[in-house]
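> Below, the features straight out of TrEMBL:
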- 1-19: signal peptide (SIGNAL)
- 69-107: domain 'EGF-like' (DOMAIN)
- 97-106: disulfide bond (DISULFID)
- 117-134: disulfide bond (DISULFID)
- 146-185: domain 'EGF-like' (DOMAIN)
- 156-173: disulfide bond (DISULFID)
- 175-184: disulfide bond (DISULFID)
- 186-221: domain 'EGF-like' (DOMAIN)
- 224-261: domain 'EGF-like' (DOMAIN)
- 226-329: domain 'SRCR' (DOMAIN)
- 251-260: disulfide bond (DISULFID)
- 301-338: domain 'EGF-like' (DOMAIN)
- 328-337: disulfide bond (DISULFID)
- 378-415: domain 'EGF-like' (DOMAIN)
- 405-414: disulfide bond (DISULFID)
- 455-492: domain 'EGF-like' (DOMAIN)
- 482-491: disulfide bond (DISULFID)
- 532-569: domain 'EGF-like' (DOMAIN)
- 559-568: disulfide bond (DISULFID)
- 609-649: domain 'EGF-like' (DOMAIN)
- 639-648: disulfide bond (DISULFID)
- 650-688: domain 'EGF-like' (DOMAIN)
- 659-676: disulfide bond (DISULFID)
- 678-687: disulfide bond (DISULFID)
- 699-918: domain 'VWFA' (DOMAIN)
């Protein structure tokens with residue numbers, strides 16, 4: 001069989017069970033190779049030797065196997081990891097392993113021992129049992145599940161934040177508001193989270209729960225629900241309805257507001273329909289005035305015994321708040337002492353039999369004793385005898401009698417005046433006897449009466465005629481003259497046919513007794529019993545948006561800004577809103593309306609509220625303004641081509657008129673301006689200028705000296721030369737533009753660059769030029785040049801930034817302000833694309849100043865004439881420096897014999913212009929020149945002779961116009977004759 005190599009724990013060597021069939025050497029204890037089973041022998045310092053035909057271990061002590069194996073436990077290395085070796089039979093031994101280890105030699109982990117994976121972790125062996133892996137329960141981590149796992153969410157509850165301590169052996173929780181404890185599982189009553197609205201928090205179950213002791217008016221787990229039963233919310237009898245954290249009060253009649261705290265005095269119940277409700281200033285309470293008779297108190301709810309309304313038959317009224325008690329006299333009972341008690345003998349004075357009426361509210365006495373009569377058997381029966389003297393009439397008076405004496409007498413038997421008898425004054429005054437008791441007088445007559453016996457009607461008392469009727473006395477009677485709408489003895493009956501009861505605003509309907517009325521169908525704006533109270537809800541009273549406030553039979557209008565008056569009918573013109581802050585408000589003569597004048601430009605109408613399209617304010621750049629037909633307060637613009645926007649104020653880059661000739665339009669300044677990027681070969685604001693036309697356009701300003709040093713003849717010659725110059729150019733806004741400024745002691749503009757637009761117009765303008773006398777005087781050339789610098793090339797004066805510019809200073813060079821002239825000339829040279837040319841004019845010219853003005857000989861022209869014109873034409877009409885350049889070889893040939901002198905000179909000028917306009921050079925355009933004289937050709941110069949036109953032009957003139965030629969000026973004059981030199 002093949003041997004097997006095993007690892008010995010705690011030793012760096014490998015145990016090799018030697019091979020019996022394919023034996024390998026155990027060379028020594030450190031040279032072993034596992035692949036060949038070359039490992040040390042297990043016994044201490046043993047060596048592997050060939051003994052008896054086998055490889056054996058030469059053991060360090062006797063009694064071992066050939067592999068030096070122990071036959072008992074005497075060798076301590078049998079059991080690993082602290083295992084205990086126990087001898088067994090047949091030279092074998094066993095190992096008793098400590099907790100945590102298993103296997104024959106205690107080399108394997110014992111996962112069931114519980115030593116490895118703590119805190120509920122599951123142990124699994126690996127690498128043949130010699131290692132283990134723990135699967136930890138949630139909340140634990142580490143090799144043996146002994147470290148806290150804060151990310152597990154096990155420890156800090158309710159949103160707490162977990163942080164490990166002591167290398168993961170412990171943790172702490174940072175709890176959110178409302179929680180506390182090791183794991184944030186305990187209620188924190190002090191946090192203010194749980195019991196709201198002033199509730200008191202108390203923890204329960206050792207902090208795992210809580211309860212709230214809510215203040216009055218709150219309930220619920222967290223005191224967040226309204227508790228209507230507390231009576232905290234709805235006053236004045238309102239019924240509280242809970243709505244979670246809010247409540248609604250269902251108010252009793254006569255109250256409103258969140259808590260029914262606001263009195264509504266229009267409800268008559270506050271005063272129990274017995275008085276007038278008057279709110280207290282805060283509207284939280286009221287008082288009642290004018291309580292009906294028999295009532296008093298805040299709500300007319302308390303009985304008023306003093307009125308005498310309640311207790312009859314002599315009963316005494318006792319007030320008990322909202323009720324009363326009658327203390328009845330003997331013989332009476334009932335709430336108001338209205339019921340008779342016939343068992344009381346006093347009713348008939350013990351002289352008869354008491355019999356109650358059917359309603360028990362009264363009685364009669366039957367069978368009165370002799371000499372008595374009457375309801376109560378209390379009246380003397382005068383018919384039984386004569387008691388009164390002096391013709392007095394016996395008047396039975398209870399248990400006695402009274403003699404009703406003739407006028408002026410009284411006494412028991414009418415023998416004396418008795419003023420206590422009320423009949424003297426008709427029960428209406430106080431009888432006063434005369435000292436002798438022989439007569440009397442009456443004083444203190446009752447209201448409505450007067451006279452000695454208070455027997456005459458007194459209308460002045462106001463007792464008789466109701467409803468403002470007029471009382472008229474008729475002795476002991478009266479007549480009432482009733483006001484419209486009333487009739488009857490005392491004007492107490494209503495006459496509904498009179499419209500005044502309802503103030504001519506409704507229909508009068510009498511009550512059942514005809515002593516009062518009500519009004520129905522009040523006209524709009526009125527209400528109340530007599531249609532006399534203002535009804536603001538009708539909308540009749542306050543004009544111009546005013547708010548109507550009712551005040552009984554009157555009203556108040558709360559006017560909007562700009563209006564005043566009882567009905568807000570008067571305009572207040574100092575309020576700017578009438579004219580929308582766009583004009584001046586003018587009231588009409590009645591001040592009940594207004595008109596607006598001086599409306600801001602762009603507005604019109606009564607209130608400056610309508611758009612005025614004719615003002616020119618709205619649609620810019622040629623746009624046509626159209627009013628908004630629906631309201632007139634807005635407008636729309638029909639824009640010209642090239643414009644857009646509400647007011648046609650924005651450039652329309654998509655319009656074909658903006659950038660011509662394939663130019664690209666780009667908006668600038670928020671769309672108010674544009675710039676054209678022109679295609680190659682074009683320029684101008686709109687790419688309208690063809691750079692490769694036969695000429696280069698320019699703006700040319702002529703500054704002409706007409707000071708005292710210049711004569712009128714010179715001025716006329718100048719005008720002709722100027723006309724000749726301008727006639728060579730196409731004139732217009734897309735071509736050449738000219739301006740002429742005359743100056744002497746000050747500059748004077750004849751016309752700016754944009755004042756003339758065609759040749760005929762400008763030539764007429766030049767022809768009509770005259771010298772203004774006001775500018776004659778010294779030669780202030782500097783002043784004129786300063787004016788040109790500031791004004792002539794302005795865009796408003798026709799200046800174009802993209803074209804060439806020329807300033808022609810036509811002067812004799814004798815400036816009166818020489819230093820300023822030189823300074824301003826230098827400033828002019830700083831204008832982009834500008835050249836200053838000096839042209840001498842007049843009989844005497846100082847060329848040094850012209851040279852100083854122009855700073856180059858090339859720009860100085862001695863006299864205004866053909867040379868000046870040719871120079872400008874060369875620089876403009878025949879130039880196209882900005883076009884695409886191509887180069888050629890140009891051969892010029894002159895047949896000299898076919899020209900006269902002047903013709904030849906003109907031909908040479910044309911050639912000069914041609915040469916000066918092309919780019920000459922070795923690698924550019926090359927020019928050769930030849931001439932033919934008498935059929936014989938001659939080369940003046942070839943293509944490679946000159947690279948610069950400044951050299952070509954003199955060579956051309958010298959080669960063609962040589963003095964030895966017969967085409968000199970002298971020969972052409974006819975004075976001299978030409979002889980062929982070859983004949984000499």
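Cβ atoms are placed via backbone N, Cα and C, with glycine included.
Any TrEMBL annotation is an automated prediction that lacks curation.
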> Roughly how many angstrom lie between the C-alpha atoms of residue 648 (disulfide bond) and residue 106 (disulfide bond)?
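That comes out at 102 Å between the alpha carbons.
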> Just give me the nearest neighbour of residue 173 (disulfide bond) among the disulfide-bonded residues 251, 414, 639, Cα to Cα.
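With Cα distances computed to residue 173 (disulfide bond), the winner among 251, 414, 639 is 251.
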> Just give the helix, strand and coil counts over the domain 'EGF-like' (532-569), going by DSSP.
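Output for the domain 'EGF-like' (532-569) reads 3 helix, 14 strand, 21 coil.
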> Relative to the Cβ of residue 251 (disulfide bond), which residues of the same chain, six or more apart in sequence, are found under 8 Å away?
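Residues satisfying the criterion: 234, 236, 237, 238, 257, 260.
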> Pop the Cα-Cα gap between residue 106 (disulfide bond) and residue 568 (disulfide bond) into the table, whole Å please.
113
> Is any of the disulfide-bonded residues 106, 328, 491, 639, 659, 678 within 10 Å of residue 184 (disulfide bond) (Cα-Cα), and if so, which, in sequence order?
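The disulfide-bonded residues passing the 10 Å Cα test: none.
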> Provide the number of Cβ atoms within 10 Å of the Cβ of residue 568 (disulfide bond), excluding the reference atom itself.
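Residue 568 (disulfide bond): 22 neighbouring Cβ atoms within 10 Å.
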> With Cβ-Cβ distances below 8 Å as the criterion, list the same-chain residues six or more beyond the ends of the domain 'EGF-like' (609-649) that contact it, or say none.
580, 599, 601-603, 655-658, 671-672
> Other than its close neighbours in sequence, what residues sit by the domain 'EGF-like' (146-185), given a CB gap under 8 Å and a spacing of at least six beyond its ends?
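Residues packing against the domain 'EGF-like' (146-185) from afar: 118-119, 136, 138-140, 191, 193-194, 207-208.
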> How does the domain 'EGF-like' (650-688) divide up by DSSP, counting helix, then strand, then coil residues?
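Helix, strand, coil within the domain 'EGF-like' (650-688): 3 helix, 14 strand, 22 coil.
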> May I ask for the distance between residue 175 (disulfide bond) and residue 156 (disulfide bond), taken between their Cα atoms and rounded to an integer number of Å?
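Residue 175 (disulfide bond) and residue 156 (disulfide bond) have their Cα atoms 8 Å apart.
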